[in-house]
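Now, the feature entries from TrEMBL:
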DOMAIN    45-730  domain 'Myosin motor'
BINDING   Gly139, Glu140, Ser141, Gly142, Ala143, Gly144, Lys145, Thr146  ATP binding site
REGION    575-601  region 'Disordered'
REGION    610-632  region 'Actin-binding'
REGION    967-992  region 'Disordered'
COMPBIAS  974-992  compositional bias 'Basic and acidic residues'
REGION    1012-1037  region 'Disordered'
REGION    1064-1100  region 'Disordered'
COMPBIAS  1076-1096  compositional bias 'Polar residues'
COILED    1121-1222  coiled coil
COILED    1288-1395  coiled coil
DOMAIN    1481-1760  domain 'Dilute'
Amino acid sequence: MKIVRDYKEGEPVLHLKLEDETPLEYPVGPKGNPLPFLRNPDILVGENDLTALSYLHEPAVLHNLKVRFLEPNHIYTYCGIVLVAINPYEQLHIYGEEVIRAYSGQNMGDMDPHIFAVAEEAYKQMARDERNQSIIVSGESGAGKTVSAKYAMRFFATVGGSTSDTNVEEKVLASNPIMEAIGNAKTTRNDNSSRFGKYIQIGFSRHYHIIGANMRTYLLEKSRVVFQAEEERNYHIFYQLCASASSPEFKDLGLTSAEDFTFTSMGENIFIEGVNDAQDLEKTREAFTLLGIKDASQSSLFKVVASILHLGNIDILVDRSGDSCHVSKDDLHLQHFCRLLGVELKQMEHWLCHRKLVTASETYVKNMSSKQAENARDALAKLIYARMFDWIVQHINKALHTTAKQHSFIGVLDIYGFETFEVNSFEQFCINYANEKLQQQFNSHVFKLEQEEYMKELIPWTLIDFYDNQPCIDLIEARLGVLDLLDEECKVPKGTDQNWAQKLYKQHSSSVHFQKPRMSNISFIIIHFADKVEYQCEGFLEKNRDTVYEEQINILKASEFQLVADLFHDKDDVAPQKSSRVNVRPAKPTPRGPNKEHRKTVGHQFRSSLHLLMETLNATTPHYVRCIKPNDFKEAFSFDSKRAVQQLRACGVLETIRISAAGYPSRWTYPDFFSRYRVLLKKSDMTADRKLVCKNLLETLIKESDMFQFGKTKIFFRAGQVAYLEKLRADRFRSACIKIQKTVRGWLQRVRYRKVRKMAVTLQRYGRGYLARRHADFLRLSRATLICQKQFRMVRDRRAFLRERRAVVTIQAFTRGMFTRRIYQEFLLHHKAQVIQKTVRGWLQRRRFLRARGAAVTVQCAFRQLLARRRLQQLKVEARSAERLKKLNTGMENKIVQLQRKMDDQSKELRTQNDQLLQVNTGLGSEVNKLQKQLEQVKSRQVGGARGGAQISSLQEELDKLREELQEASAQRKRMEEDHGNEKMGEYRGKRVEQLEAENALLKRDKEEMNQKMLQQARISGEGSSSEAQAALQKELDDERQRYQNHLKEFTRLEQRYDNLKEELSLSKPGHRRNPSNLSSLESDSNYTSISTSEVGDTEDSIQLVEEMGVEKAAMDIGLFMKLQKRVRELEQERKRLQVNLDKMEDSPSEQEMADQAYNNLKREELESENKKLKNNLNELRKSIADRASQNDSSNELQDGYNLLLSQLRSANEELDGRKEEVLILRTQIVSAAQQQENKDKVPEVNNSNEPVDKEEAAKAYHGLCESKNSRQDWCSLNEDGELGLAYQGLKQVARLLEAQLQTQSRQHKDELEALHTQIELLRDDIEKKQELLNYTAALSPEARVEYSVQQEITRLTNDNLDLKELVEKLEKNERKLKKQLRIYMKKVQELEVAQAAAQTSRSRPELSRQVTVQRKEKDFEGMLEYYKEDEALLFKTLITDIRPTTVGATVPCLPAYILFMCIRHADYVNADQKVESLLTSTINSIKKVLKKNNEDFEMTSFWLANTSRLLHCLKQYSGDEVFMTQNTGKQNEHCLKNFDLAEYRQVLSDLSIQIYQQLIKVAEGIIQPMIVSAMLESESIPSLAGVKPMGYRNRSSSMDINGGPTSYTLQALIRQLGQFYATMQDHGLDPEIVGQVVRQLFHCINVFTLNNLLLRKDVCSWSTGMQLRYNTSQMEEWLRGNNLFQSKAAATLKPVIQAAQLLQVKKKTTQDAEAICSLCTALSTQQIVKILNLYTPLNEFEERVTVSFIRSIQNRPPQSTDPPQLLMDTKHMFPVLFPYTPSALSLETLHIPASLGLDFLVRV
């Protein structure tokens, strides 16, 4: 409506005019009737973001939602960060995969509002910000929450599909039908209402693929199991089972129709319109199977569901007394119930009607009334269903769980919205409590985002007052709140709902958010953020207690079915751990309290889970979806404004609007503002600085400075200011229109005046003609004179000007050169100065670092010295105390002697084991020698064929694996040493604790004896004893007591330390470990199967090695492989045994063991060096074999190289052995000299050990060297003759040699690792290509799929056949090669014999003979090329693998194809069938490898497409078939193939060409796809034509804050890219027909992406965009004409986009216009036309919107038969490709091969 007359303040009436031109007088009063709200401009009506509205109030928001919902049927609308989703109650085709692909990768503000846009925003922020996300979906029942959450999860499953074969995304989606079956039910508001809340966390990997999920549920409505209101149903699973009761697998459930059961017939309507419960059960079972729930478990679950129905039908009979009841034994439903759950009938019959009362002393069994029994039965049914629900959720989570590390997750929260009914009970209270918490989090998040926007734009931040519902939350959950008082009343034995209500009135009567109803004493009112809700107290306590009798649960726990028993076993019911402490049991058993879980009330559990949910949401970035129910009648596209505004208030949308309106809701970027409102500028105000222009304009137009603010990138406006600016803009346009009209009318009057004047002039013209002609002759002569003068002056002045300009240019050139050289010299000096500064600063920093490090080392040394002194003092004190302890405990000496003997025995055993270790290493050396001999045998067999090389490579890989296993064994050995050290320490401490316990007991006895003696002396002496004796006795007693206390403290400390060590040992070693000392005892105690860990590890290593080598190679030498593994296992077991025995001896401090340990260290080091030497030998052997196996030399050369390699290996072994002996000798000499120097004055002890003398001497010498390190005098005397320095130098050289070998080995390992990574990447690419091929096959129709699969199978079989033939050919090649060498050798022998005979003849007849030379006649070149078989690999490497398109760019197009065909011709000419087969097979395989390597290179793909198609044409042209010979010349017909028919290879090449074509299209589409939308729709090809609309909050989306948004492309950039594609294909000689098909496919891609984007974006559906789009398509057509491609049908693919552009421009008012549109837009479906008309948005108020009636008139027209069902076009559609036969006019004999290709080995024939 419009204001007709200006309103002045105080007037009682406001004069208005409605939209239908009806006048209205609106009464206005100061109190009763305020002024109506202002309406937004027409340009803002129907905006997709409510925050973009200029006037933000409830009527504007409601009107905008209503217009969008009813007219264009848009169900999604943004409201800041909230997506408002209105339930259409109709199936819409806007959720297909093509829509998902369209929204994937797009920014949130670029496309129309959609649930997919919110999901994409969450996915993008998770990937970019590395932060977890949450999507919170809320709303009333029936608003569409579950469907919205389901579509969000479908988007994640499609976009972030898993890369493995686990199909996690399918399992995530499969959980939906299961949860709907067990958690959804029909209500009066919704046919599929979720009666529980759920939060699903979808886990993503580091590459953002779905790897798993987890589900949490909240507040299942258990009361629905036993009660449903009218027109409502129980949970779907009950009706699904009843509908399938006649199936054979459900016969034993005893089910009939749902009408026959009490729990399913209370709502009096068991059916839902349009729902087949039996089919839904099949979907549920399929989902169970997909999630891994076995059929047996499913059957058990269905039995539990059926038992609940039978439980509800059990008839409880009232006894005569009325205080008790019973159940009939013949009750059929009770029998079914007990049979299905596997429980005893008698017990269940008894405890259904009785209960047990337990007191402190006795236990009573009490009868229950029928009412109590029915309540207990219902409570049991609810418990059974709740436990089954939890079990299913737990197993769904188990199926969705993944062992991979979760990098991030996106949570989808589907939770109930705010509820208020006529009767509100405990469930509504919990739901509204949860919504209070969610609303608080929502308000704080919106406020935070608003504050961040202001701070980012540097806008002064003023505190915005928003509603904080913390007082209401405190009323519910704070101390002594509603929930606390409810739990407290539940603990009272006789608590009632009335008592609880009275406590509420007393406690909270003063609260603002709490009220007491006037007419009721058993209800209360809470003022929530959305509305006042009155709750009835009746049933609160019972529902909060959720009481189920323990006896019934115990019966179910004893069920014979494991699943039923598992349902009722609590998580805390675990077996008690064994303890070494004494348990004290009471004489009388106390009654067991209720379960911990039963003690928790429902309210307490819900509050805890809600707090956990809020913590999760606060740790994520939330995204909000608010579902709105448009009406209560489930009518499609019917909008009830009253119901809608209630929900908008309840879900916080209007609160968002209020917060936004309190600040600066309208925000414009400076370029957009300038583009929209530059019409308000004056020409004098225009400057280059657009930002300054916008500031000056606003300060001029809006006088109040508080109405706007200038940010860094945006201008912020108060509410209503944008509407004011739109009014000014419209007024300026209106004045411009008036001016245009005035000008046109003036022009028309001037035209009339000119006509009148023309008639008058005509009359005058004839009279003045004669005079004019005379004057004309005079003027002609004057003009000729002037022309002559002008030409002369012009020539003269031009020459002078040119001369001056040349002089000026010369001066400028020299001057600029001088200045440039000066600048260059200055730059050069600056660069040198920087180099000097960099060097000096680096030197200063290094010197500063060295000083700092020296100071730090000095400080560390001083500090460590201080700590050492303190430690020394502490050790001295401990030594003194230890001596005191020895004096007190003289009885420990015998134990020490025994331990000493035991340690001596163990040291002997250690020496024996060391000898065994030496034998093991000797055996390892012999094993290596055996391997070398086996390699020699394999090498000798290599002469017989190529399989020897493969066997050597297999053996080489096995040796590599053996080396890796040895390294792993070494690492495992170190770990075991550490673990054994911990065990040993624990054993030592345990023994120490036992000793201290014994000492403690001894001290206790001494103390008791001393006390007794003191008492006796006290009695004897009495009062006569002297004071001195008493003092001495008292002092002695105190000392003894103090010692006892000290010992007791020490014992306690050691005991605690022992417990801690035991705990650490148990944590570090979770499995059971055996060693030789406790093997027998553990065998009897352990309950686990005895499995060798090393065997398991070796098996896994074997599998890994087989995977790395390949099945074929591993199978060739698997026997040898298993021998090596067995030997490694034996060595590992021996090493473990020796290590255990060695660790036992480490604690003995005797000199003998120190010597043994020193010697063992020396031997161990030597053995390790020997092990390294063996590894190096194996590496060198492997490398040499690999190098020789990769070459194609003769067998004699290979045998010589192998012999040389063995000789080098032997010499290296001998050299290393010599070095080892030298090192041992040097070390022995050093330690011997040190020992002799130390023991000059000492008598050496006699050692009776049986060890060798050199071992004892070496050990003693080493020990002496260790003891003499601190003596400088000994060192000097030892080094008198310089012998020690020489030995040290020798050791250094040996160490360097070993270090160099280790580095070499490390580098080789890194190279191998990189090679393996490269191979993995290649395999991954292959898998991706196969996945794409599978997706492409799935998109085809069944007939096309069968045809395509058959074609692919034929191609695969052909390729396999070619590979096998190639292998056979290689073997035959080696055979022929050996035969050829044999013939050569025989020929040489014969020539030698002939030469010897000729020499003898010449000696007998010395006559001279004349030498005659026979010359071969040169033949003409026949267009064939010959090559030797051994050069075939070089041919493919040079001509296919290594060639680049630029190499042959200046030659004949498709030169490689011609060369290959000429080689094929020669093979055909000599009738070499194997050569032809090998040539073609290798050519195809090499091309595939090149394309796989360059799968994203358009130039390389185009090059090989041209060559492959040309080779195919050559095979056809020269095949000899008459069909292909019609256009050949006579010479070309002579060159046809003579011996072979290559039709099968032509088919393979045709298939290969199709694959290359598809790859070419994929590469090209990937290049131009990011450019299409920006170039076709967003760039201004016609400047200043596009208008700008006001944008909402969504254009401030965080997805657009990085790098300023996506890259912008122009139309010229797109055309330039197409030109590059075309030029590349032309240069490579690709057939024009194929080029046309490529261009057609690319134009189809441009059309599809442009049209799909147009159909999903409201901001581009305008008249100006249509003009731009029409201009862009005309430029594309012009490019086609300019390149002679218009006949390729590429222009026809743009027809839908052209018609869409015309649709945006045509008139859209009358019925004739609708008919014209239908006849014009034949390439568009009716659905697409309606969508564009709905999205059409006028940019100015002079444009008119498309009316709803006009859209309905087009929508009601009969659809065309060719209309596709989906809205968007298929982005993966590909036209069929045809390769027409194109013969070549080039003669093969005229072809010239450039020398730069390096094909000198080819011989022209």
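Backbone N, Cα and C define each Cβ position, glycine as well.
Automated prediction, rather than curation, is the source of TrEMBL annotations.
Sequence-distant contacts of the region 'Actin-binding' (610-632) (same chain, six or more residues past either end, CB-CB distance under 8 Å): 65, 69, 79, 81-89, 115, 118, 121-122, 125, 129, 131-140, 142-145, 148, 152, 189, 199, 216, 218, 411, 413, 417, 433-434, 437-438, 441-442, 445, 638-640, 643-644, 647-648, 651-653. Counted with DSSP, the region 'Actin-binding' (610-632) comes out as 9 helix, 8 strand, 6 coil. Around Gly142 (ATP binding site), taking its Cβ as the centre, 21 other Cβ atoms fall within 10 Å, counting all chains. Listed in sequence order, Ala85, Asn87, Gly417, Cys627, Ile628, Lys629, Gln647 are the same-chain residues at least 6 apart in sequence whose CB falls under 8 Å from the CB of Ala143 (ATP binding site). Every protein chain considered, the tally of other Cβ atoms within 10 Å of the Cβ of Gly144 (ATP binding site) stands at 25. Counting every protein chain shown, the Cβ of Glu140 (ATP binding site) has 25 other Cβ atoms within 10 Å.
Residues Gly139, Glu140, Ser141, Gly142, Ala143, Gly144, Lys145, Thr146 make up the record's ATP site, and a Cβ search at 8 Å around their centroid adds Asn87, Asn190, Ser193, Ser194, Gly417, Cys627, Lys629 from the same chain. A 10 Å cutoff on Cβ-Cβ distances gives Gly139 (ATP binding site) a total of 26 other Cβ atoms nearby, all chains included. In sequence order, Glu180, Asn184, Asn192, Ser194, Asp414 are the residues of the chain that are 6 or more apart from Thr146 (ATP binding site) and have a CB within less than 8 Å of its CB.
In sequence order, Thr187, Arg189, Asn190, Ser193, Ser194, Tyr416, Gly417, Glu419 are the residues of the chain that are 6 or more apart from Ser141 (ATP binding site) and have a CB within less than 8 Å of its CB.
Long-range Cβ contacts of Lys145 (ATP binding site) within its own chain (separation 6+, distance under 8 Å): Val137, Ser138, Gly139, Ser194, Asp414, Ile415, Tyr416, Gly417, Cys627.
Over the domain 'Myosin motor' (45-730), the average per-residue pLDDT in this prediction is 83.
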